[in-house]
Amino acid sequence: MATRQVAVLGATGSIGGSTLDVIARHPDRFRASVLAANRDSAGLAALCVRFRPDLAIVADPAMEADLARRLAAAGVRCEVASGADAVTAAASGPLCDTVVAAIVGAAGLDSTLAAARAGKRLLLANKESIVMAGALLLQALREGGGDLIPIDSEHNAIFQCLPGGRPDLGRAGVRRIILTASGGPFRGRTRAELGKITPDEACAHPKWSMGRKISVDSATLMNKGLEVIEAHHLFAAPVDAIDVVVHPQSLVHSLVDYVDGSVLAQLGNPDMRTAIACALAWPERIEAGVAPLDLAAHARLDFEKPDTDTFRCLALAFAALCEGGDATAILNAANEVAVDAFLAGTLPFLGIAEIVERVLAELPAQPVVDVQTLVARDDEARRAARGVLNRAYC
Ligand code: NAD
Ligand code: MG
């Protein structure tokens, strides 16, 4: 068995850390050959000391010298690079056969596309790239001939519940895909109760420990909206064959409903290492460091309908998906700007949905032509979102 050479893009983040934990448990199977992060040179250098990659990259060129200095001081001999282009080149280059796309936001698009085009095994956490450019990413995958295995827990669950991973749903007898949502930290609250939410409250997820952006997305239910769009592309599922159900215990990670009435689900403790280990070793199964599920101790599994009047982001994502074209890229860009502003304290929690809604209304969808046009539209949506932000909140 050849050792898989794994590029971990977003190595200093939450998914990056869980990935490196699984890799460290299986040195005979996996090696972290490339580690990339945004600008945390100290964090990245510490990972290099432990994992000894061939190449370490900071996206921010201003941090390259600091990274090089830290590595030299620690006696680590690995190549050092910086800039977004270096991340993209590494994703498609000879130092890896597997790419864990765990950069947060649209910043992950280029490297994700490059890995797909180069035929790498692509482990996709960076849902924003498929929300922005679903059709282009799938085309790149077909051209590259590699596989994509989702590590978003819901999509990984669906992948596991389908025969052969990503089959034609009609031929496989699938009636519906059912995504579970924890409901986030504010499940059950009314709009009036959400007026004064702080970033720290929004980031305190009851079940999952994650980066701040996805934590806010989980609190607004935009995360589930992005995941509906992700499921549509990954599994070629029509919009009306995707349902969302709130399941506060976060033990059932998603389900597939078949035409004969069978509903298959994947369960497990809420720990991303399960999905990551599944994707790294697929079709084999390996130990992930996750505690066995004690069903009797949990005692109950609850399910309820999502409240899309209070958590409007989920409804907005469904609407953007139905609108088609580049509407989901506009939704994603507006959401990234709004979440940044919320985290910076310049936008109230309920303002996130408002900004996304206004930008979607301001910029009617256009057909997706190519990546360049899409990136220009992403820019346009960000400008529009900042405009709304300045007019309405500053
Ligand atoms: P995080 O904020 O903890 O980590 C983000 C990582 O991306 C960091 O290593 C950061 O240095 C890097 N990064 C940011 N901007 C970059 C840039 N311009 N160039 C290169 N690197 C950059 O985020 P996270 O929670 O690990 O989430 C990462 C992605 O995985 C997101 O798209 C998120 O939606 C998805 N995801 C996360 C979880 C989870 O449990 N955390 C679950 C499912 C999906
Ligand atoms: Mg998820």
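Residue numbering: from 1, along the chain as shown.
Cβ coordinates are placed from backbone N, Cα and C, and glycine is handled just like the others.
Copied from TrEMBL, the annotated features are:
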BINDING   THR12, GLY13, SER14, ILE15, ARG39, ASN126, GLU128, GLY211  NADPH binding site
BINDING   LYS127, SER153, GLU154, SER182, HIS205, SER218, ASN223, LYS224, GLU227  1-deoxy-D-xylulose 5-phosphate binding site
BINDING   ASP152, GLU154, GLU227  Mn(2+) binding site
DOMAIN    6-134  domain '1-deoxy-D-xylulose 5-phosphate reductoisomerase N-terminal'
DOMAIN    148-235  domain '1-deoxy-D-xylulose 5-phosphate reductoisomerase C-terminal'
DOMAIN    267-383  domain 'DXP reductoisomerase C-terminal'
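Summarising the environment of ASN126 (NADPH binding site), the number of other Cβ atoms within 10 Å of its Cβ, over all protein chains shown, is 27.
Closest to GLU227 (1-deoxy-D-xylulose 5-phosphate binding site) by Cα-Cα distance, out of the binding-site residues ILE15, ARG39, ASP152, is ASP152. Proximity of the binding-site residues THR12, GLY13, HIS205, GLU227 to ligand 1, judged by a Cβ distance under 6 angstroms to any of its atoms, singles out THR12, GLY13 in sequence order. Among the binding-site residues THR12, SER14, ASN223, the residue whose Cβ has the fewest other Cβ atoms within 10 Å is SER14. Proximity of the binding-site residues SER14, ARG39, LYS127, ASP152, GLU154 to ligand 2, judged by a Cβ distance under 6 angstroms to any of its atoms, singles out ASP152, GLU154 in sequence order.
The domain '1-deoxy-D-xylulose 5-phosphate reductoisomerase C-terminal' (148-235): residue composition by secondary structure is 40 helix, 11 strand, 37 coil, according to DSSP.
Within 10 Å of ASN126 (NADPH binding site), as judged by C-alpha distances, no binding-site residues are found among GLU154, HIS205, ASN223. Secondary structure from DSSP puts LYS127 (1-deoxy-D-xylulose 5-phosphate binding site) in a helix. Between the CA atoms of SER14 (NADPH binding site) and ASP152 (Mn(2+) binding site) there is a gap of 12 Å, rounded to the nearest whole number.
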